[in-house]
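Below you'll find the structure, written out as structure tokens, and then a few comments.
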Amino acid sequence: SFPAVQGLQTLLFVILLLVYTLTITGNIVIISLIWTDNRLQTPMYFFLSNLSFLDTLFTTTITPKLLACLLEEEKTISFAGCISQTYFYFFLGTVEFILLVVMSFDRYVAICNPLRYTIVMNSRACLLLVLGCWVGAFLSVLCPTIVVSRLPYCTAEISHFFCDIAPLLQAACIDTHFIEMISFLLSSLILLTSLVLTTVSYIYIISTILRIPSAQGRQKAFSTCASHITVVSIAYGSNIFVYVRPNQNHSLEFDKIATVLITIVTPLLNPFIYSLRNKKVKEVLRESVSRIVLPHSKGT
């Protein structure tokens with residue numbers, strides 16, 4: 001019934017708005033802590049602040065429009081808006097995977113070559129690596145998006161809550177098998193290459209950690225990687241499941257659940273995983289909170 005549907009949409013709106021607010025707040029807190037505290041002015045935290053900035057942009061590509069659609073009678077998006085959403089979704093997603101490789105390389109140098117760490121991961125190298133992530137992703141996603149924007153479409157409706165590649169191809173009037181194959185090859189190249197590079201880094205990292213004689217030393221070395229491994233597992237697991245397969249048209253309903261995980265849940269979890277599993281971030285956060293709370297408590 002219509003009132004029941006409206007009630008469900010209102011509930012979804014409230015939940016999504018709460019999640020979105022938490023995501024933005026969590027990521028802004030991480031960025032603020034890293035940029036204002038000298039103890040966090042290291043390559044690892046510089047990359048982490050980039051990841052938080054990226055997650056903020058990534059979830060903003062999808063969530064505000066989705067929230068507007070839940071309130072409106074007409075669930076519409078302009079064609080230009082749809083293609084822009086597709087572009088930024090894949091562009092920012094690609095930046096994230098290249099950045100996760102860079103972060104695993106940073107941990108590899110820190111643990112496997114600690115004496116050369118400050119030489120290899122100097123500020124210029126870090127800046128160039130991050131710039132490489134953004135430029136590489138920008139160029140790799142540009143051509144496929146232009147191709148998709150030039151397709152003739154038979155229907156003005158797509159079966160999804162945002163402009164993903166599979167529902168767009170499904171709405172096209174022509175046989176999109178060749179484009180699906182190109183999309184599959186590009187997704188495979190980006191996701192699987194970055195996964196292999198990240199895995200190789202961690203094989204070296206884990207073998208180095210296991211050779212550390214003291215249990216305390218092993219635990220300290222592993223704790224710096226634990227949060228990154230968690231984020232990598234969630235990101236690769238959900239994305240490979242949705243995008244690394246030749247036929248993009250099947251099981252769109254199941255894809256919707258997986259893309260909720262990619263677009264809404266992962267950007268929310270990342271700041272909490274990093275802040276809760278990282279001793280230094282927790283310490284800086286605790287001090288920042290006490291600096292805000294204590295003057296108020298003294299004044300009362």
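Glycine too: its Cβ is placed from the backbone N, Cα and C atoms.
As annotated by TrEMBL, domain 'G-protein coupled receptors family 1 profile' applies to 26-274. Taken from TrEMBL, the feature transmembrane segment applies to 12-35, 47-67, 87-105, 126-147, 184-205, 225-245, 257-276.
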Quiz item: With pairs 6 or more apart in sequence, are the transmembrane segment (12-35) and the transmembrane segment (87-105) linked by at least 3 Cβ pairs under 8 Å?
Solution: no
Self-check item: Folded-back contacts onto the transmembrane segment (257-276), same chain, C-beta under 8 angstroms, at least six residues removed
Solution: 16, 19-20, 22-23, 26-27, 29-30, 48, 51-52, 55-56, 58-59, 61-63, 89, 93, 160-162, 164, 227, 230-231, 234-235, 238-239, 241-242, 282, 285
Exercise. Please give the average pLDDT for the domain 'G-protein coupled receptors family 1 profile' (26-274) in this predicted model.
Key: 83
